[in-house]
Each structure stands twice: as structure tokens, then as C-alpha cells.
Amino acid sequence: MTLANVFIQDTIVAIATYLAPSSVAIIRLSGNEAIRLAKSICVKKNHWHSHRIIHTYVQDDQNQLIDEVLVLPMLAPRSYTRQDVVEIHAHGGVVVAQTILQLLINRGARLAKPGEFTLRAFINGRLTLTQAESVLELIHAPSVAMAKKALSNLRGALSTQLHQVRSELIQLLAQIEAHLDFDLDNTFVFNSFINSLTNIINQIQNLLNTPSKFYRYGIQVALLGPANAGKSTLFNALIGEERSIVTPIAGTTTDVVEATLQWQQICFRFFDTAGLKEASSEIETKAMAKAQQIAKQCDLILWIIDATSPNLPIPPYLLNSKPLLVVYNKIDVDSSDVLDHVLDHTSYPTVKVSALYATNLSQLKQLIWQQATQLFQLDGIYINERQSQLLQQAKQHLCNLQSALDEGYPLEIISWHLKNAIQCLDENDVNASTLNAIFSQFCIGK
């Protein structure tokens with residue numbers, strides 16, 4: 001049985017909390033029989049009111065008490081799924097939660113599939129598909145900023161914009177269809193139509209320009225530089241723990257070390273890489289190839305140089321490829337006039353630090369933050385990959401429409417392109433495989 005074909009009138013049940021010893025375990029039901037099934041295992045069976053907590057006990061088939069619980073009934077349509085929903089709040093623990101779950105299954109409830117509660121919320125019109133995806137994105141948010149974006153979309157920020165764009169396209173389609181049906185002289189004034197179309201394309205492009213990957217995956221920062229420049233020491237200083245191995249021997253780091261942390265609500269992913277030098281073994285060759293690969297995929301490069309040898313050039317493949325900060329390390333060893341001369345002739349943002357003694361580390365962090373805020377703005381709307389693909393498809397149909405207008409194609413072709421763009425933005429026109437792909441990512445109980 002696929003999620004898209006679930007018969008939503010039956011009653012489902014699942015443990016909604018992490019199954020482990022804890023303070024509280026929540027067992028959730030949804031469906032027409034949710035209230036009856038919950039009452040069937042509870043001692044107190046009267047005076048159940050929607051959205052009011054009930055203190056009672058759960059008992060088994062032999063009337064043996066299982067646990068003291070709080071029960072919260074939520075009658076349709078004022079619930080997450082717009083069905084009758086009941087949450088049983090028991091003491092945390094594997095045995096108690098599973099016992100209550102099994103009692104409810106024995107009485108006729110079906111064990112929910114991953115994401116089935118949210119799927120029912122979507123099918124019953126409680127959430128749009130974009131909002132349903134936002135629930136998942138909120139659960140898996142890697143940073144405070146991403147959580148805020150997910151919550152904003154859950155409250156309808158993206159759905160509202162998509163609805164607005166789609167409504168404007170429908171208005172354009174209505175103009176075309178009305179002309180085809182009723183205009184006998186077969187003339188159509190395109191100036192206003194073209195202006196509206198251009199405005200809609202710009203709206204879609206603005207959504208596509210949102211750098212959403214930074215919210216979802218964080219800012220990727222690569223530490224690159226020659227061997228023995230102190231990259232690993234600086235890496236450890238930035239993340240606040242001893243993650244990379246540090247020795248006086250050049251070339252100690254032979255593999256990429258990654259660490260993730262949050263600064264000012266943004267997720268940063270730091271990569272410590274092997275020092276760049278003339279390879280003396282196959283391992284070193286592979287390590288430096290990996291470092292160059294990280295350089296290509298990251299968003300910001302820290303080019304780290306030993307302050308005692310400040311004249312080492314930046315490799316050509318790093319020049320003008322992406323934002324780059326030059327970090328002169330080991331100023332505790334040497335901060336000579338030669339370094340000052342080099343700094344005067346460097347076009348990239350620079351900072352002098354001592355990773356060993358954390359000198360100017362706050363200044364380096366501030367520079368990293370400044371570069372990050374130039375990559376994206378915190379007030380943008382988040383769109384995921386599926387939504388981005390649909391927006392790109394809609395835009396392509398509209399661009400094809402523009403070409404058709406320029407080439408004098410009949411209005412029937414214009415109408416066809418408009419209908420295709422409108423369909424791309426229809427949140428209710430989703431096939432079963434897409435629904436399965438989305439909701440199967442949820443945990444059971446959500």
C-alpha cells in the first residue's frame with residue numbers, strides 16, 4: 001500500500017515521540033474511531049471534551065492498570081489532520097508506550113506509516129503541500145535560520161506567493177480564453193498582456209534567486225593552503241574543539257576533516273584539508289586532489305599562509321572562482337615588515353592571526369560572517385529542490401510563450417503554454433510517486 005492510496009477514513013495510531021527511556025511518551029491516534037478506541041483502554045470514559053486534558057489510567061484487557069496518563073482529545077476539524085485526533089501522554093519508556101500502542105492496534109487501529117498524519121492533513125486541506133514539506137524541513141533544520149524559514153513557510157509565506165503568481169496566470173488565461181470564445185473580429189491587444197507576463201516571470205525569477213541551499217546545507221568553508229601553515233590548528237580554534245590532529249610534521253592532515261557549528265543562527269560547515277605541496281606518495285596525491293575538490297564545492301575559501309613565508313602565491317585555480325579570505329597565520333612567530341608589504345599589495349580581504357594563541361580569531365570570524373551575509377540575505381524565502389524545479393519549469397513555459405508571441409503563433413498555442421505553467425504551480429495536482437517521495441521521509445507518528 002502506498003501513502004498516496006491510503007484509505008484515510010480508517011483510524012491510525014503511532015508513537016509520536018522517540019522510543020527510549022524519557023520523561024513522556026506520546027501515542028497519537030487519528031480517524032473516525034480515535035475517540036472510541038482511546039476511551040476503550042482508559043478508566044475514565046465520560047466528560048471527554050475537545051482540547052481539554054483528561055487525567056486517567058490506561059488498563060489492559062484484564063483491567064490491569066498499565067500507566068497513569070493524560071489524554072488530549074481534539075475533535076474534527078480543529079486538529080492537525082482535520083480528523084478526530086487523540087494524544088495519550090504516558091510516562092516515557094519503551095515498554096509502556098509499546099503496550100499502549102499494541103492495545104489500540106488490537107482494538108482496530110492501524111499502525112501509521114511514516115508521515116501519514118501529515119499526509120492526512122494535506123489530503124484534508126489542513127496544509128498545502130508546501131506547508132507539509134515545511135513540517136519536515138522544520139524537523140530537520142540544521143540551524144535557527146533554517147528553522148525560522150521552515151516555520152515561515154508552514155505559516156504560508158511561500159504558498160501565498162505561489163498562489164498569487166498562479167492567480168495572475170489564471171487571469172491571463174481568462175483573457176485568452178474569452179477572446180477565443182467571444183471576440184469575433186479576432187484581434188487581441190497584447191501590450192497589457194505582455195507587461196503582466198513579464199512581471200510574473202520576474203516574480204518567479206526572484207523566488208528562484210533565493211539562495212536556499214545555504215539555509216538547508218549551511219555555508220561551506222574550506223581551509224586551504226600550503227603544508228604546515230597551521231590549517232589544522234586554526235580549524236580546531238574556529239570550531240572550539242580538538243578535531244584535527246596537529247603535529248609539527250608537515251603533511252599531517254591527509255584526509256578532509258569536517259565540522260559543523262552555528263554562528264548567529266547560521267550553519268557553517270568547515271573543512272580542514274591536506275596541505276598543498278609537491279606530492280611524494282600516492283596518498284599525498286589523492287589528499288591534495290581531494291582538497292581541490294573541496295575547493296570547488298565550497299562557498300568560501302580561507303587561504304592560510306605561514307606569516308614567516310608570506311610571499312607564497314595563491315594557486316591560479318582559486319583566483320576569481322569564489323569568495324576568498326587570505327589568513328596569515330603564526331604571527332606569534334613572525335610579524336615582519338615583509339608581511340606588512342605583502343598585505344599592502346593584496347587585493348583580497350586579509351587578516352593576521354595566531355591560531356595557537358587565538359590572536360585576532362574574533363576578527364577572522366567577523367570577516368567570515370561578513371562574507372556569509374554577502375552570499376545571501378536572511379530575509380529571503382526558502383524553496384526546496386522540488387519547488388525550485390517546478391518554478392523553473394513554469395518559467396520555461398512562460399519564456400516559450402514569449403517566443404511564441406514574438407513569432408506570431410495563434411492564441412491556442414499561447415493558451416497551451418499558460419495552462420502548462422499554471423499546472424506547475426498547482427499544489428493539489430501532485431502524482432502518487434511525488435507524494436510517496438515526500439511523506440516517506442517523515443518519521444512514524446508525524
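In case you wondered, yes, glycine gets a Cβ from its N, Cα and C as well.
Annotated features in Swiss-Prot:
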BINDING   ARG28, GLU87, ARG126, LYS446  (6S)-5-formyl-5,6,7,8-tetrahydrofolate binding site
DOMAIN    218-373  domain 'TrmE-type G'
BINDING   228-233, 247-253, 272-275  GTP binding site
BINDING   SER232, THR253  Mg(2+) binding site
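Feature map: annotations from Swiss-Prot on the structure.
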| residue | record | DSSP (3 states) |
| --- | --- | --- |
| ARG28 | (6S)-5-formyl-5,6,7,8-tetrahydrofolate binding site | strand |
| GLU87 | (6S)-5-formyl-5,6,7,8-tetrahydrofolate binding site | strand |
| ARG126 | (6S)-5-formyl-5,6,7,8-tetrahydrofolate binding site | coil |
| ASN228 | GTP binding site | coil |
| ALA274 | GTP binding site | coil |
| LYS446 | (6S)-5-formyl-5,6,7,8-tetrahydrofolate binding site | coil |
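Calculated from their C-alpha atoms, the gap between LYS231 (GTP binding site) and ARG28 ((6S)-5-formyl-5,6,7,8-tetrahydrofolate binding site) amounts to 50 Å. Around LYS446 ((6S)-5-formyl-5,6,7,8-tetrahydrofolate binding site), the same-chain residues at least 6 positions away in sequence with a Cβ under 8 Å from its Cβ are ALA16, PRO114, GLY115, PHE117, THR118, VAL135, ILE139. Of all the binding-site residues in the list ASN228, SER232, ALA274, the shortest Cα-Cα distance to ARG28 ((6S)-5-formyl-5,6,7,8-tetrahydrofolate binding site) is found for SER232. GLU87 ((6S)-5-formyl-5,6,7,8-tetrahydrofolate binding site) sits 58 Å from ASN228 (GTP binding site), taking the CA atoms of both as reference points. In this structure, the binding-site residues ARG28, ARG126, LYS231 were compared by how many other Cβ atoms lie within 10 Å of their Cβ, and the smallest count belongs to ARG126. The CA atom of ASN228 (GTP binding site) is located 58 Å away from the CA atom of ARG126 ((6S)-5-formyl-5,6,7,8-tetrahydrofolate binding site).
Remark: of the binding-site residues ASN228, SER232, the most isolated position is ASN228 (fewest other Cβ atoms within 10 Å of its Cβ). The local packing around ALA274 (GTP binding site), expressed as other Cβ atoms within 10 Å of its Cβ over all shown chains, amounts to 28. The record assigns ARG28, GLU87, ARG126, LYS446 to the (6S)-5-formyl-5,6,7,8-tetrahydrofolate binding site, and the maximum Cα to Cα distance across that set is 18 Å. Averaged across the domain 'TrmE-type G' (218-373), pLDDT in this predicted model comes to 81.
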